[in-house]
Amino acid sequence: MRNRSLWIGFLLALGLGLSIALTQQQEVDPYKEAERQRELFRQTAGILPGELYAAQGEELFGQKRGSKNVSLEACDFGLGPGKLEGALTQLPRYFADTRRVEDLETRIVSCMVNLQGFKPEEIKRDDVKALTAFVASKSSEMPINVVPKTSQEIAMYNLGRELWYHRAGDRDMNCAICHDSYAGGKVRLSPVRSPRQGLSNEWPAYRFEADKLYTLQDRIAFCYESVSIHPPDHYSEPMIALSIYMLTEATKGKNKFTELPGFTR
Amino acid sequence: MKTRYFVGLLAMLLVGLTLSQQGPFQQRVQQAINSGGSKFAETMKQDRDQALCSQYRDKLPPEEVGAFLERQRALIKYPADGKLMGDWKQGEALFTNPRKGNCYACHTGDPKEAGAGRMGPGLVGYGQRGTSEAVVKYTYDKIYNAWASMPCSLMYRAGHHGILTPEETAHVTAFLLDPASPVNAKR
């Protein structure tokens, strides 16, 4: 009897030890973890944080604002004034009215300035982010379709490719050495994808680890920060150039956007 | 005779132009970088070999490799006391700290560390190479300046950029090679 309980105790201890060893070996799959976190949000809040940002953006979009007291409903994102369905899929692109290549975020700022009469310094970054989330939500799960055609778009793509390979900073980094040469690997737990594999297809997204909405520009800035390079200003050429480069490559790889705004770590 | 002289002059002129000036595309790239703001432009400045790696998309042509490695080897500095293997415990902290070595971003080391990266080769059991002078020096040099053995590698030049001092490099070397380090724990 005594022997038997000893045996049971021994087996229990062995099982406990094994299960501890197994949980230590097991690494969290970041995609599954994001999915789990997303479900928890659905259950407790009934709405995803990204959807809240988009709803906020929708309200801003329809409000009469700025010195000209008009809404953004006449803003042309490339498919005609007020056409939002699939607008993000073909951005960045060249706009004749501003005579520059613009991504979604830059285009929103242009419309706030030219249509609504805001001064650039009056524009709040949070408003642009919410508006970006709203307009992007109209391209959820659609195929990416960025194909540089005009000379300006091709030039911007070439600039982006050059920046992509530009090694600099104390960490001797560029984008390509991780996102091309070692695509498929992991930095800590983060899987690293190449543009052709669809890198950039989930932004704007809510990052639950940061509890913030990140646009593609925010994500590029975060990348530069993590390799100790001071990020370029929002709406500047490096931001637009890198965006058109990545999204053109994602188009070549026949990628779709994820649910937008995305939900990620 | 006159034609020859003229052709020679033209050739010299062409060589001079290509050597002295950035091409128009490079000027345009610089203009775009400047438009990102002064702090961005400042941190995007390249040294000669960063520029070379960028130009060749991280794959140097064979004729560039020898001189590149020589330039990088010349940048390696050693601790004043000449000891290339320091204290593995201090090395562990430097290896782990994201603001210092940040080595777990890409490498495994102590097998107990959860969520180590998978970009670089795994380093569990690295010390099975022993601690001969050659192994210690190779390891130290690799940590101090990765580009001195592998041009344009993903691994950055921690010592050259001052992220690790020579003494700190010796500590990280010990973390990998010391038989007492958890990297080399018997399993």
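Backbone N, Cα and C define each Cβ position, glycine as well.
Feature annotation from TrEMBL assigns active site, cysteine persulfide intermediate to A:Cys223. When Cβ atoms from all protein chains are considered, those within 10 Å of A:Cys223 (active site, cysteine persulfide intermediate) total 16, not counting its own.
All protein chains shown were included, and the count of other CB atoms within 10 Å of the CB of A:Cys75 (heme c 1 binding site) stands at 23. Taken from TrEMBL, the feature heme c 1 binding site covers A:Cys75, A:Cys111.
Over all protein chains present, the Cβ of A:Cys175 (heme c 2 binding site) has 24 other Cβ atoms lying within 10 Å. According to TrEMBL, the feature heme c 2 binding site maps to A:Cys175, A:Cys178, A:His179, A:Cys223.
Among the features that TrEMBL reports, domain 'Cytochrome c' is placed at A:56-144.
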Overall pLDDT for the domain 'Cytochrome c' (A:56-144), taken as the rounded mean: 98
Residue counts (helix, strand, coil, in that order) that DSSP gives for the domain 'Cytochrome c' (A:56-144): 38 helix, 11 strand, 40 coil
List of the recorded positions A:Cys75, A:Cys111, A:Cys175, A:Cys178, A:His179, A:Cys223 facing chain B, defined by a Cβ pair under 8 Å: A:Cys178
Integer Å distance between the CA atoms belonging to A:Cys175 (heme c 2 binding site) and A:Cys223 (active site, cysteine persulfide intermediate): 9
Per DSSP, three-state class assigned to A:Cys175 (heme c 2 binding site): helix
Under 8 Å by Cβ from A:Cys111 (heme c 1 binding site), counting only residues of that chain that are 6 or more apart: A:Leu72, A:Cys75, A:Asp76
Env. residues of heme c 2 site, Cβ within 8 Å of mean position of A:Cys175, A:Cys178, A:His179, A:Cys223 Cβ: A:Trp164, A:Met173, A:Asn174, A:Ala176, A:Ile177, A:Val192, A:Leu199
Cβ neighbours of A:Cys178 (heme c 2 binding site) where a neighbour is any other Cβ within 10 Å: 21
